[in-house]
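Here TrEMBL flags 20-29 as compositional bias 'Polar residues'. The domain 'DYW' annotation in TrEMBL covers 716-809. What TrEMBL lists as region 'Disordered' is 1-29. For 98-132, 199-233, 302-336, 400-434, 501-535, 536-571, the entry in TrEMBL reads repeat 'PPR'.
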Amino acid sequence: MAATPSFPSPSLPYSKPPRVSTSNSRTLKSNQSSNYYHFLSLLQSWKTLLHVKSIHAQILKNGLEYNVNLSACLYDGYTAQNDVRTARNLLSCVQKPDVLSWNLLIKACSRSRQFGQCLELFVQMQQAGFDADEFTYPCVLNSCVEPSLLPAGQNVHGRIVKSGLECNVYVSSALINMYATCKRVDYAKKVFDEMGDKDLVSWNSIITGLLKDERFVEAVNAFVEMRGQDVGPNRTSLSSAISACGREKDLELGQQIHGLVVKFGDEIVEDVSVNTSLVFMYAKCGDMNSSIKVFGSMPERNAVSWNAVISGCVQNRKMEEAWDLFKQMQLEDVEVGEITLTTMIIACKTLFAVKMIHAYLVKMGLTGEEIIGAALIEMYGNCGSLDDARIVFDETSRGEMGAWNSMLLGYVRNGQPREALDLFSQFEKTGLRPDPITLVGVLSACTNLGSIQQGRYVHDYIISKGIEVNVVLGTALIDMYARCGSVEMAKEIFEGMNVKDLVTWSVMIAGHGANGQAKEAADLFSRMVKDGFQPDNVTFTSLLSACSHAGLVKEGWDFFNQMTNVYGLTPKSEQYACMVDLLGRAGQLDEAVDFIKAMPIEPGMSVWGSLLGACRIHNNMDLGAYAAEKLFDLDPEDPGYYVLLSNLYAFSGRRDDANRVRDLMKTRGLRKPPGCSWVELGGTIHEFYVGDESHPQSRMIHKKLSELEERMKELGYVADTNLVLHDVEEEVKKEFLSKHSERLAIAFGLINSTDPGEPIRVTKNLRVCPDCHRATKLISKIVRRRIIVRDAHRFHHFDNGICSCGDYW
């Protein structure tokens, strides 16, 4: 046998046996003998590491440290308590270490997750001349469960094959567990399939491995096969199989396994892990009643059980039940942890609720965590409290994308696209690589601003960084270009995409429609259907809107009827509103009213709003007032409807009624949002309000407008002062019209844009007024420049005195 390998000096102060005189020798031996049995008895009943160390100190004091039996017992105690260092020192003092001693030490290293030391001991054991056995290899393989240690595990696998132990059920089970944990489930399955006898441990290992690798169907099939071979199951295999059913949303099989659990009796029925898996499975399958029922019947619950049922409520949008359970959890003194609070953030519907959970997190010192911070930012954003969201963002670790994405999307969703673009500029300096969520958010900000220059920059950024344009990102690019008025570029990206989904098709159809290309929208719809895509309600909203903007009543009716007759879809409020808008814009107001009366659902604001807008276009006072009354009942706080009704009265010459509606707005504290237009130059957005004189180039802008107006008059332009509701002189009304925000923006663009081939692009927050629409047509003819105006409803492409809307908007 090879010599025992050298080890570091013992951590405890070993000393040589004390010298004693001959006269006292016999008495000492007698005492040592009695002490030996005393310490041996104590070592067989130790309870804690401190207890073992105390006995060890007494052994040293009595000079018995070299006793083989006592050293072996101490060694066993230290390894059982995972004190590997002291156990390793003791091994050097054992006169004749054996395989069991090495196995105990290797097992202790593995159990205490000292994987590197475990592998080192395995090598030293072999160098010392000891052969590993069926107890050694499982411990060593359990130390190779990290992906970085997989090569070492494969090396051990090779030694196992050479030793002829690959058929040993314990060794094979450990191999399966190692490969599965390292996400090499195919290797695990190969070992499993080659096993002769399979015990419950090996079945559990492969089922759990398949579950962790998200191969849920295979995990369930393995469980069924195990049952077919009359093996098990136990709580581990049952929990794994139930969880797999939940992940696969296989409620029927999950219920069958639940029945099997009941048959196994109280030990399994009352098991926490099995019941928690049942709670999880029912929640994942959408059966929250059963999930809560199982949870309520559990004799014992832990934090995982509470998290499973609360998460299930949140995922199934049962927020009140989630809050009730959260309160009950606290009443039962269950520790509220990070997972629970992260889940409850999502359950928050009000700002007060978010702040309450935030206070919990502050108390626990968890607000700086990336995942929690991102969830808090998102919920503050959903509640419209972006100042609070920004405070959390500034306090959160930003090593990953979560917090950045939540803050950026919060700005976009709350109508602050400029702040979103500023945040992206800060993000670029971090060196992090954006993910598709980031880029979709930035593109949405560009879309909302109508900023095609910023959108092009983001597109170039995606290309320069080699970022894969998946279907979501490609669709966002199409939407950005289409809603910035560049349908040609949107179509180029659309045609270049190898993979398209229904959203991609619908966005491109909507892009054609908003830009006055109804025929192209209809043709694309036909292509989509031929390619095997089934349209949904969103697709038809895009189609019907395109028909409405183009006045295609017959085509609109055809598409609306196809929804139910061909595709089996049930029209919703959006599609009904499109039809009312289509009929109303075409002057078929009686037909629109009949259509509303025949609707199987209660007409909402969008329907009555469409009718009111059509009444304003066609100056139908009585019907418009009726539609307005309906709108005031549904939403008395929306100033837009008051403005529409007031304008309708004014156009009909009923100034007193118009003023009465305006006074009603003031009484209710409502204000019409001021008209605002903006134009982009060199990546900077320049904003203009009616009569704006705050811009540095204000004098040049007004001078340019005066020049254009003189030339417009030569072409027959006369200002339509009926559109000005203020009770002022006629000349003041004309001046007021000439300083509308879109005209200021157009003049600024003409002064500063030097490329005659590049269109002047203007975005407006409200609908373009008829006088500005007529004026812009003339300006496009005078300056021989294409002018693209995106208002609150659609695009107007002005070119050589003609608008793409055909004066129908």
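Any Cβ shown, glycine's included, is placed from N, Cα and C.
Beyond the repeat 'PPR' (400-434), the same-chain residues lying 6 or more positions past its ends with a Cβ under 8 Å from any Cβ of the stretch are 370-371, 373-375, 377-378, 380-382, 384, 386, 389-390, 393, 441-442, 444-446, 448-449, 451, 454, 465, 467, 685. Packing against the repeat 'PPR' (199-233) from elsewhere in the chain are residues 169-170, 172-173, 176-177, 179-181, 183, 185, 188-189, 192, 240-241, 243-245, 247-248, 250, 253, 257, 260: each is 6 or more residues past its ends and has a CB under 8 Å from a CB in it.
Across the repeat 'PPR' (199-233), DSSP helix (H, G, I), strand (E, B) and coil residues number 26 helix, 0 strand, 9 coil. Taking Cβ pairs closer than 8 Å, the repeat 'PPR' (536-571) reaches residues 502-503, 505-507, 509-510, 512-514, 516-519, 521-522, 525, 528, 578-579, 581-583, 585-586, 588, 794, 805-806, 808-809 in its own chain, all 6 or more past its ends. Helix, strand and coil residue tallies for the repeat 'PPR' (400-434), in that order: 24 helix, 0 strand, 11 coil [DSSP]. DSSP assignment over the repeat 'PPR' (302-336) gives 26 helix, 0 strand, 9 coil.
Secondary structure counts, DSSP: the repeat 'PPR' (98-132) has 26 helix, 0 strand, 9 coil.
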